[in-house]
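Noted in Swiss-Prot for the protein shown:
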type: CARBOHYD; residues: 70; note: N-linked glycosylation site
type: CARBOHYD; residues: 79; note: N-linked glycosylation site
type: REGION; residues: 545-567; note: region 'Disordered'
type: TRANSMEM; residues: 147-167; note: transmembrane segment
type: TRANSMEM; residues: 176-196; note: transmembrane segment
type: TRANSMEM; residues: 201-221; note: transmembrane segment
type: TRANSMEM; residues: 235-255; note: transmembrane segment
type: TRANSMEM; residues: 266-286; note: transmembrane segment
type: TRANSMEM; residues: 350-369; note: transmembrane segment
type: TRANSMEM; residues: 384-404; note: transmembrane segment
type: TRANSMEM; residues: 413-433; note: transmembrane segment
type: TRANSMEM; residues: 444-464; note: transmembrane segment
type: TRANSMEM; residues: 475-495; note: transmembrane segment
type: TRANSMEM; residues: 502-522; note: transmembrane segment
């Protein structure tokens, strides 16, 4: 009977990653596509870096003149009685000094019994630009709330874009969302630079954040879905490093331009050139998404273009690649997707558990950064440069740290370490602030900023790896929207003029400790295939600590057992 009766087990369906290798799509063509997906991240970073500078409050100085009875240039409130000679002299002395306070209520430098500057404000002293939106419309003192409102609306624009553009990315494709939002970023940015009122600027900045979020989400999905398991981390970190480079580039552009309107046009108008991405065969749709959506002909075309880019000009594809493309539906079979109702999605409890944990972790990682480094934390130019370079530098170091450790120790372990370091830094600053010298406080602040940056990057990557392709746009959009909402901690703190900062830090530190416990419930995705459908995503779970692993399937009974002579 021997080998002639041995049963050949039919090979299972190929995964998408194996299909890429079989077709020959991994190589130069894939790297070109990944590079095209990373380039828009530069302009997303430029847009993010612009808001702190455009809304940076300059040191205030009221122009004063010699007109009685107010020799200081400040106006008395209506309910004030007369001004004595001593009061007028005191007011003139106070106003003659250059005020360095940036308190939006102006209470830090207004003379006694005076609250309005009769003449123009002097906004000299900005670290980078000669003037910004604050100086354009005198958004100080009683109008200072408009600056905080603009910051909140810009962040809400990003959160709304991540949240609401995920569904179109799943329904109509990643490429269409990227092209549409990139094409609208240029006109929106130029329109914001030409706005004639602060209200128009706020509305267009909200829309700009909405569009930039769509770009960021779309290209993140396209980069991730084109990689095999060994490439995903490197590609994700490459996109983050491009974003860090965008922050450094923005400082250079701001030093050159000096005018905030010209700078706004400079960082948004070039996005119109991305319309060339619509050229057929240049910027390709995600082949993984096309297969899941059962658009087989389009998927064959995309894979063929990627494979042909890796071959010398004129050389035909191999026979194995041709057969795999022609029989794509049977080579890589995936269930056809359908429209999912919210009620049906509630049945997949493990997917929701992963979303809840990673969304909460991403929110805390972004919210707690303000406790280590306020945006534009100092009033002097040197303080602003230090804060900006510190934020960008720690983000770059976080990328290097993740690139060295994550593939060796796993996503979940390094995420747990990052949140642990974040909690340690917060507890040290909260409990030992009065006992630490300046060097120790700076060290713990840098540690907290570095670890929170690493936790935010890794939680986004881990979320993209556990969410199925069928709902990856919506799921990842939710995670990134929660991260954007975490950035509201800074404007919220400035809205209350610093009151309650200690309590806010205590709450966020406690939430960081809660994240440490919840991260242990996440699955490990290192070198694993991406889930394609909801059933695959439901299987992404951490093995139970109490349940023993199933024994290896081993047949201990020989096929041709010899009888025992003793019987």
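Glycine too: its Cβ is placed from the backbone N, Cα and C atoms.
The list of residues near the transmembrane segment (413-433) in space but at least 6 beyond its ends in sequence, with Cβ under 8 angstroms from a Cβ of it, reads 361, 364-365, 368, 371-372, 402, 405-406, 440-441, 444-445, 447-448, 450-452, 454-455, 458-459, 462, 502, 505-506, 508-509, 512-513, 515-516, 519-520, 522.
Counting same-chain residues at least six beyond the ends of the transmembrane segment (201-221), those with a Cβ under 8 angstroms from any Cβ of the stretch are 37-38, 40-41, 43-44, 47-48, 51, 133, 146, 149-150, 153-162, 165-166, 169, 174-175, 177-178, 180-182, 184-185, 188-189, 191-192, 195, 236, 239, 268, 286, 289, 460, 464, 472-473, 476-477, 480, 484. If you look at the transmembrane segment (475-495) against the transmembrane segment (147-167), you find at least three C-beta pairs under 8 angstroms, all six or more positions apart, and that counts as contact. Listed stretches 147-167, 176-196, 266-286, 350-369, 444-464 were compared with the transmembrane segment (502-522); the greatest number of C-beta pairs under 8 angstroms is found for 350-369. Using a Cβ-Cβ cut-off under 8 Å and counting only residues 6 or more beyond its ends in the same chain, the transmembrane segment (350-369) has close neighbours at 391, 415, 418-419, 422, 426, 448-449, 452-453, 455-456, 459-460, 462-463, 466-468, 475, 478-480, 482-489, 505, 508-509, 511-512, 514-515, 518-519, 521-523, 534, 537-541. Note on the transmembrane segment (176-196): residues 40, 43, 47, 161, 165, 168-169, 204-205, 207-208, 211-212, 214-215, 217-219, 222, 260-262, 264-265, 267-272, 274-275, 277-278, 283 of its chain, located 6 or more positions outside it, place their CB under 8 angstroms from a CB of the stretch.
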